[in-house]
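Peer 1: I'd like to ask some things about the structure below.
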């Protein structure tokens, strides 16, 4: 038996995860993270994130399970490590993943550190992933798999984590919650960013960054439009570009490059989005050991995004990932996650924060091509 802290967001997944920890014979205490100093500024129902309504749902679930329950205030830490980081990344022309950062800095760092200090052996959450003997794998339910946003965790962090729902499809989790008498059994999922209640990311960023005008240009550098800040754009974006009309060839145009220093947003064709090589910094290897030499793997560059077979190599604390097939919409600030295919469930090898890419024609030696 272990003494386990159950992080209860107020959703069905974390409630069932806590219940399964109780069933396993562990001494379980529930905790809900208060992540906002201002009531009403977090979106209710956001998976893994917490409004006042979610705190009430979590408390009621703990009552049904018969476990102690507390609310811990992590608002200041959340603002500093997640919200401020999110804003700064967009201002720098990057596209961050706040859920990944929350896992890295809050749930499995600040929360886990406090748990260990209080004598707990592990933190249990409702994440959809599988963890056994230190090996992190994709969840059984591919549509709900969250291994991508957990790939930033170190071996030490994984050693004190538990993911009890990763071996079960979501519909069965809901059915189990109903059988247990948990009122959150049919609570809707939310895939929005919890600290942007309106869902309007551009407005949220604009209020904090302000107006930083720049130009939208084509591949030849011709100015097509003006904009109010690079924070309103991400690589692969097609809508909301403010362009006066379609391209001369009639094909859609996408954001292909963002230069925060000059405020320039470059647009081009879908072909211009293709990437064959990814550079990343701050590599994390889930085994705790940095591999020597190239490794064959499968790379994923967005949560629930497509994958490509690849060869990866550790370089100067980061990664160089050579894709055997092109991927599109690869943005700086996102994570590149490396998997090893396995019939038992694809194994997470490691991750890094994308710092640059090279396009297909650049690697093929085409004249005038450039890396970004």
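Here the Cβ of each residue, glycine as well, is placed from N, Cα and C on the backbone.
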Peer 1: Of the residues 126, 134, 166, only one is listed by Swiss-Prot in the ATP site with 7, 8, 9, 10, 11, 12, 13, 14, 33. Which is it?
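Peer 2: Answer per Swiss-Prot: 126.
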Peer 1: Just give me the nearest neighbour of residue 334 (site 'Interaction with tRNA') among the recorded positions 7, 33, 102, 127, 194, Cα to Cα.
Peer 2: 102
Peer 1: Which one, from the recorded positions 9, 334, has the smallest tally of other C-beta atoms lying within 10 Å of its C-beta?
Peer 2: 334
Peer 1: Which of the recorded positions 102, 127, 194 has its Cα nearest to the Cα of residue 11 (ATP binding site)?
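Peer 2: Answer for the nearest of the recorded positions: 127.
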Peer 1: If you count other C-beta atoms within 10 angstroms, which of the recorded positions 11, 127 is the most crowded?
Peer 2: 127
Peer 1: Per DSSP, residue 334 (site 'Interaction with tRNA') is which: helix, strand or coil?
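Peer 2: Coil, per DSSP.
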